[in-house]
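Since the structure comes first, as structure tokens, the remarks are kept for the end.
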Amino acid sequence: MLDDFLVRAALAGLGVALAAAPLGCFVVWRRMAYFGDATAHAAILGVALSLLLSTSIFAGVLVVSLLMATLVSLLSGRGYAMDTLLGVMAHSALAFGLVAVSFLSGVRIDLMAYLFGDILAVDKDDLAIIGAGALLVVSLVGWRWSALLTATLDGDLARASGIDPRREQLVLTLSLAVVVAVALKVVGVLLIAALLIIPAAAARSFCRTPEAMALVAAAIGAASTTGGLQAAFWLDTPTGPTIVCLAAILFALSSLAGQLRRRMSRAESPPDATPGA
Amino acid sequence: MPLLSLDDLHVVLGGRTVLEGIDLRLDRGEIVTLVGPNGSGKSTLLRAIIGAVRPASGRLVRQPGLTIGYVPQRLAIDPTLPMTVTRFLNLPRRHPAQTLRQALERAGIPGLGRQQVTNLSGGQFQRILLARALLEQPDLLLLDEATQGLDHRGTADFYRQIERVRRELGCAVLMVSHELHVVMRASDRVVCLNRHVCCQGTPERVLSSPAYRALFGPDTVDALAFYRHAHNHAHHDHPAGTPAPAPTGTTLLEASR
């Protein structure tokens, strides 16, 4: 079964979608969207460095993403607004990465594959790495779930309950680096953040609890990757971007449905106005 | 061993000394109120106690295994985070449904469990925050201006609940408040803070101390009047024979107008 490249691609996509969903929820709740971007964009620098040092791309990307995420965590709150800082870091990392790749004169690399992913080229080794990475992230976030949620609500509230919010931040940083490293092959550097944020954002309007939002985000992510893979096959379009397009369409539909539902519930139960008014 | 003791505690934030030479001891069953002007370090002191700010020097000793219930001044929940009241009360530890129902009833907001937290009014949310802190059965309850957003009735209910909690759990309560007249009545001890501890003692003693008056100015007369006035009223309920304190309250209140 794993000999079919479409099956491998679908499994790879599912793995990334499932790991990205709960993590993506935290990225949305904590307003870290740009943080995800910066970490993902640093991955291209990781690719260049691993090609230069001829180490495994996965390891190189993991290390550089981790360094980037840690650097951003450390620099935050030191004079620059977070969005400015992340804007600087995300695009500098991307630019330095692209320049570093150009130095690799002897190596012919397909830059597009790293920028936009190459899910159809996932081999069995990649699949093993994606599976292990996804499992690691899902178990890490699942294990720390309550502590992470409390720290997301309020750092001091967490402290009072004996939870160190910096440790929980570290858990998220680590998971983010792992997701970036495993998602690189599937959607590429430029679109990893989309896979984190769009399913979580699309899930928001249907959910009443954080757990439900993580599950619905996983379902939307899974539908986007498998559906996107199918659509790319029919339409002969690049797979990574097609997956993100489908996620974006699902987001638009969910926002519309959410708006509609709010309007309907408002029409059903008029606000408790004064009697007779 | 006291629940909490601070010895010569100094806190420096961004190069500025926010708290200096704080000595404070808290015992089980005490209700202690922190008063002080804006920027006097009241919230910082609470944050030092929960471990959110590290003291620059001095000692802060918590009784081993001390459980803290903390009600922050405000809590902004991001609208992208769906959260029912029940789920919120279950953070960070889950409690049986029956316990949660009781907690909501006690807080005076029964049946709100399925509501989204972001749809609550400020007063309702404040009650939920207290209910959540109490579910942990704290040894020490920290309240940072916890009655913000509550109306008069809500505030009175709130302090009644604090009294009951102290009786039932035997916990210590340390609260920051601006509503001097209300809070003074509810506390065993008042600590007046202005970077350092200016004065502390029974509400009556602090209110009449020169350090307190210097800090709060003419308002203190009002607070003292209100305090005595209310105190006298409380005594009316007692059977005859209780010696009534000197009826200075009303006169002072009028004098201050």
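Just so you know, glycine gets a Cβ as well, placed from its N, Cα and C.
Annotation comment: TrEMBL describes A:6-29 (among others) as transmembrane segment.
Residues 89-91, 93-94, 96-98, 100-101, 103-104, 107, 109, 114-115, 129, 173-174, 176-178, 180-182, 184, 189-190, 192 of the same chain, all 6+ positions outside the transmembrane segment (A:41-68), place their C-beta atoms under 8 angstroms from a C-beta of that stretch. Under the heading transmembrane segment, TrEMBL lists A:41-68 (among others).
If you look up TrEMBL, you'll see A:88-107 (among others) marked as transmembrane segment.
The transmembrane segment annotation in TrEMBL covers A:127-145 (among others). Residues 2, 8, 11-12, 15-16, 18-19, 22-23, 26, 58, 168, 171, 174-175, 178-179, 181-182, 185-186 of the same chain, all 6+ positions outside the transmembrane segment (A:127-145), place their C-beta atoms under 8 angstroms from a C-beta of that stretch.
Feature annotation from TrEMBL assigns transmembrane segment to A:174-200 (among others).
The feature transmembrane segment is assigned by TrEMBL to A:212-235 (among others).
Under 8 Å from some Cβ of the transmembrane segment (A:241-260) lie the Cβ atoms of residues 13, 116, 119, 186-187, 191, 194-195, 198-199, 201-206, 220-221, 223-225, 227-229, 231-232, 235, all in the same chain and six or more residues away from its ends. Residues annotated as transmembrane segment in TrEMBL: A:241-260 (among others).
Take the transmembrane segment (A:174-200) and the stretches A:6-29, A:88-107, A:212-235: counting Cβ pairs under 8 Å, A:6-29 has the most. Through the fold, the transmembrane segment (A:6-29) approaches residues 35-36, 119-120, 122-124, 126-127, 130-131, 133-134, 137-138, 141-142, 145, 148, 152, 172, 175-176, 178-179, 182-183, 185-187, 195-201, 203-204, 210, 213-215, 217-218, 220-222, 224-226, 228-229, 233, 239, 243 of its own chain, all at least 6 residues removed from its boundaries and within a Cβ separation under 8 Å.
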